[in-house]
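What Swiss-Prot lists as Zn(2+) 1 binding site is 758, 761, 777, 781, and the listing cites sequence analysis. According to Swiss-Prot, the feature Zn(2+) 2 binding site maps to 785, 788, 804, 808, an assignment based on sequence analysis. Marked as coiled coil by Swiss-Prot on the basis of sequence analysis: 144-628. Under the heading compositional bias 'Basic and acidic residues', Swiss-Prot lists 609-627. Swiss-Prot lists 628-643 with the feature compositional bias 'Polar residues'. The phosphoserine annotation in Swiss-Prot covers 124, 138, 617, 633, 694, and the record cites similarity to another entry as its basis. The region 'Oligomerization' annotation in Swiss-Prot covers 320-420 and rests on similarity to another entry. As annotated by Swiss-Prot, region 'Disordered' applies to 609-685, 704-742. Annotation source Swiss-Prot lists zinc finger at 755-781, 782-808, citing sequence analysis.
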């Protein structure tokens, strides 16, 4: 029991003194009474004091006013004492709106008690109002002032006072009557004295009563024996119950260990399930990303295939042109020889020089085209290298994500294990507390049983003493009765005076007998009460034992239910393990397939790079051949041209139109994109090569609009444009057609000498205005993304444009929707 008493001492020192009946507010300058109770945990001292502190105090010196606590009278250690103090009104604080509280401070300066907060407030008119129910049972509330209510109470008290005065008068009359009754009773007492003769009959009755008391004493002895036997049986039951409780505790400990193991396994399985679900989601995301990357790579491979095919076509076309030019050069040499033999006029030589110059320019243009093709091949190789680098970075990022996944899974497992440990610790603490509570109850029951056993022994001793006293009193009583009979026999032969004296002496033994009877009756009644109390306590102990047995049975049932639930959860966890193992195997198979696809793509990239290197070497050889052929003397070319012109009858006009490149000029400066999405701009696809400025044909551009991002998602070239490119003539055109088709790369006929006009703002520029500045002006009207440099038309929706820009800053990098 001492452990239960020490808990509040250690927990709170402010509860050692309890303040009673503390109101929420007091009047500022009115008399204030403070009632408090000293608990057994504090020892009062004459230097202890009670102070009024403002709420928020930090030390015992922050008091507003105080009074010395008086020492309680008749104080007994270990008992609670009620005390009272009275604070005078002029020492109290004014109505300042602050909260105060009473605090009990010891002579050592320790604060051992604090009251609830209160205020000092002057009475407001609203506070003077009170609500009370109507006395006429009309379910109405009547609002009155305190003064009116007090007046009503005073009137009632005055009426009660008058009634009490009337009652006093009546009671005085009754006292006179009672005095008369006392006199009458005294007379009756005298009459009762005359009834002394009846006492002898009562003595005979008392003898019978004493015999009955003996019988009752024997019955009490029997009851005592029964109680002792029951107490012994109870002790045996307590011993058996303690053994059973110990067995149950051992069973509880074993079941708790099983339960802890089951819970740990359950939590581990839950953590595994959660981690595997997370892995499943991550695998899904990874598969989605890999599929998107594969589609991108396939599209890029397709575009590169198309580029390679187009470049092969261009190479074959240029080879055919080279062979045709070689054949034409041979024919021209023959013609020149024949022409030199036939004609030698100055005009013909001038025409031949012009033709020779044009042929040289055409050869130079073909060289530039070959250089452009080489540059295109180098660009394709760079794109291939870039895609390979992107693949490598993707692999590295994949490995990094896998490492992060493993780290996150390890952290999740650690957190789950810590949570399980905390739960098991709390459960173990609660179970230990319950076991200690049961042990305390059993100890208390054993102590209670020992006390009862001691009380039974004490009662047995009292019964033995009473039996001895009753035997002695019976012997004395029989002796007195014998002496009384002798006196009665002697009084028969004496005078009436002697008989009167004997009559006076007879009541003495009757008073002793009545005292003895009263004592025996009182002792018997006390013993019966004690026996009844003992039986009640015995029944209570028995009930407690039954309650403990029922609790043990309940715990056993609960543990059985927990075992069943644990087995079910183990089965569910095993099934989940099997399902997760299947899912993991499927994902591993899918990952292996994806890795095979990636390895196949990488090998395909390597093959493409080898083929491109081979094509580059072939193109270099072709360029060398062209350079060797173009190094012939211009004299031979002029002769060839003369002979051909004489045979045909007219001067051949060299075609001024350049063959349109299908994949753009690599030396141009377009706004490049990333290239990872596989889309190219139209100006990268179809843009004519830079023409030689010495041809003498000026371009009067009226309107020019820069290329925009109008690429097709499924292919890199427009079928209509490709058809038009196929229709471009390679044969020499007449001079008129040459002059008209000279500016086909722009939107208007250059024969018109018109000013340049912006197609968006309709601003006019002079004909000799710089073309690059004009294009910069036109491009300034378009919206350009600051991240990917993608261009949008001026009338493009601003919200859609901002949403496009915000996608570059989206935190969810894996979101490709």
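Here, residue 1 is simply the first one shown, and the rest follow in order.
Glycine residues also receive a Cβ, built from the backbone N, Cα and C atoms like all the rest.
Using a 10 Å Cβ-Cβ cutoff, residue 781 (Zn(2+) 1 binding site) registers 12 neighbours.
Mean pLDDT, taken over the region 'Oligomerization' (320-420), works out to 78 on the 0 to 100 scale. For the binding-site residues 804, 808, the largest tally of other C-beta atoms within 10 A is found at 804. Of the candidate recorded positions, 617, 785, 788, 804, 808, the one lying closest to residue 777 (Zn(2+) 1 binding site) when CA atoms are compared is 785. Cβ neighbour density within 10 Å is lowest for 761 among the binding-site residues 758, 761, 785, 788.
Cβ crowding, taken as the number of other Cβ atoms within 10 Å, peaks at 777 among the recorded positions 617, 777. Residues in the zinc finger (755-781) partition by DSSP class (helix H, G, I; strand E, B; coil) as 9 helix, 4 strand, 14 coil.
Using the Cβ center of 758, 761, 777, 781 for Zn(2+) 1, the list of other same-chain residues with Cβ within 8 Å runs, in sequence order, 759, 760, 763, 778, 780. Ranking the binding-site residues 781, 785, 788, 804 by Cα distance from residue 617 (phosphoserine) puts 788 first.
Same-chain residues with CB within 8 A of the center of the 785, 788, 804, 808 CB atoms, the Zn(2+) 2 site residues themselves not counted, are 786, 787, 790, 805, 807. Put simply, residue 785 (Zn(2+) 2 binding site) is 21 Å from residue 761 (Zn(2+) 1 binding site) when counted between their Cα atoms. Sorting the region 'Oligomerization' (320-420) by DSSP state (H, G, I as helix; E, B as strand; all else coil) yields 98 helix, 0 strand, 3 coil. Sorting each residue of the compositional bias 'Basic and acidic residues' (609-627) by its DSSP state yields 19 helix, 0 strand, 0 coil. Across the fold, the C-alpha of residue 808 (Zn(2+) 2 binding site) and the C-alpha of residue 781 (Zn(2+) 1 binding site) stand 23 Å from each other.
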